[in-house]
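According to Swiss-Prot, the features are:
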BINDING   HIS73, HIS75, HIS249, ASP324  Zn(2+) binding site
BINDING   HIS73, HIS75, HIS249, ASP324  Fe(3+) binding site
BINDING   ARG82, TYR145, HIS178, GLN252, SER329  4-imidazolone-5-propanoate binding site
BINDING   TYR145, ASN326, GLY328  N-formimidoyl-L-glutamate binding site
Amino acid sequence: MSWDQVWIDINIATMSPNISEPYGAITDAALAVQDGKIAWVGKRSDLPEFDVFATPIYKGKGGWITPGLIDAHTHLVFAGNRANEFELRLNGASYEEIARSGGGIISTVNACREADEAELFELGRQRLNALAKEGVTTVEIKSGYGLDIETELKILRVARELGKHHHVDVKTTFLGAHAIPPEYKDSPGSTERSDAYVDLVINEMLPKVIAENLADAVDVFCENIAFNLEQTERVLSAAKDAGLDIKLHAEQLSNMGGSAMAARLGAKSVDHIEYLDEDGVKALSESGTCATILPGAFYFLRETQHPPIDLLRKYKVPMVVASDYNPGSSPLCSSLLMLNMACTLLRLTPEEALAGMTRNAAKALGIEDQVGVIEVGMTADFCMWNISTPAELAYTYGVASCVDVVKNGHLVHQ
């Protein structure tokens, strides 16, 4: 017998719920890869005999293998930056005040409308490289910085191209309903103009996105500075009817009931959720919808309202941890930093945080049958870390500990 690869002198955090040990751990382990899949995993003492002359053997020097990390919420393709708004916030301006004065998302929209695809691709490639160096093997990229047909399609095309030219898998999300463009700004007491923009998203943008196969999912920002509950449901329902997965930015600044509505529609995830209440948590539990925690935005905006972690535990809602990398509220292109922040700021355990970037993140993207755990038959996406315990991934930051990355059975970083 021979395999494409065999890994020995390792410990494995499989993250499998089928193994009762913390992290689904197998110590003194071995792992075999064949045809891009995990062909065998278990104790090294149980490893079947194989042709050592025909099989490449990799020695982990006692380190740990984990599933490849999955960043399930990013806005990675954009132009420009918002360093000036950073200074405004430090001088007392709120996120909402900046947004209402024409800053925030709209300032990035203007930069993206001016940028061409080549510029956006190069910027996205650099950011994707940064995540890949930290063991990320799958990433979600949203649009939402165009807010017109041409630019929304441009951003999604760039995201698709990044996936074709990089070893990191890219899942794309259409977020045309990210903010209300200035040209559709409502008069006081009216939603006529923003309703017209929602019509544009549903009737013109979405069909073009589908025609070019540019999105795996559709997202909406449901908040008092963006889209109301009725508008949000219209967009999500249209996406669901078109056969796309749905997800939602919800309960970041207030409790509008978006999470419960999205759960009723079968959303894969609701994200941010600082103001999520117990009824909303129950709705997520009943629908199997994931709750995505975004500690980078919580930190950068200096928020004080914590996501309801204890309630999510109580009702066994899968918790996802993601970077929310974007120029305004989380300009932090580091998944490992998010693991640390999830623990130190939001009180997740290191095991919960790692599950949030592996097993649960895969569920949020609808790819839990392919990646996120190390089990026989799963895609061979995994990382080799120079650590003594998986908790180190959340405990320390700034020390390069990712030694190797295997993607689809191929060693891509060594």
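Backbone N, Cα and C define each Cβ position, glycine as well.
Locations of recorded Swiss-Prot features on the structure.
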| residue | record | CB count, 10 Å |
| --- | --- | --- |
| HIS73 | Zn(2+) binding site | 32 |
| HIS75 | Zn(2+) binding site | 25 |
| TYR145 | 4-imidazolone-5-propanoate binding site | 31 |
| HIS178 | 4-imidazolone-5-propanoate binding site | 26 |
| HIS249 | Zn(2+) binding site | 28 |
| GLN252 | 4-imidazolone-5-propanoate binding site | 27 |
| ASP324 | Zn(2+) binding site | 27 |
| ASN326 | N-formimidoyl-L-glutamate binding site | 25 |
| GLY328 | N-formimidoyl-L-glutamate binding site | 25 |
| SER329 | 4-imidazolone-5-propanoate binding site | 25 |
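Note on proximity: among HIS73, HIS75, HIS249, ASP324, ASN326, the binding-site residues of the record, the Cα nearest ARG82 (4-imidazolone-5-propanoate binding site) is that of ASN326.
The two recorded residues HIS73 (Zn(2+) binding site) and TYR145 (4-imidazolone-5-propanoate binding site) have their Cα atoms spaced 15 Å from each other. If you check the binding-site residues HIS75, ASP324, ASN326, GLY328 against GLN252 (4-imidazolone-5-propanoate binding site), none has a Cα inside 10 Å of its Cα. Candidate binding-site residues: HIS75, TYR145, HIS178, HIS249. Nearest to ASN326 (N-formimidoyl-L-glutamate binding site) by Cα distance: HIS75.
A simple way to gauge crowding: the CB of ARG82 (4-imidazolone-5-propanoate binding site) has 22 other CB atoms within 10 angstroms, across all the protein chains here. A Cα-Cα distance of 14 Å separates ASP324 (Zn(2+) binding site) from HIS178 (4-imidazolone-5-propanoate binding site). Reported as a whole number, the C-alpha separation between HIS75 (Zn(2+) binding site) and GLY328 (N-formimidoyl-L-glutamate binding site) equals 10 Å. You'll find the Cα of HIS249 (Zn(2+) binding site) roughly 13 Å from the Cα of SER329 (4-imidazolone-5-propanoate binding site). The Fe(3+) site, placed at the center of the C-beta atoms of HIS73, HIS75, HIS249, ASP324, has further neighbours from the same chain whose C-beta lies within 8 angstroms: THR74, LYS142, ASP271, HIS272, LEU294, ALA297, ALA322, TYR325, ASN326, SER330.
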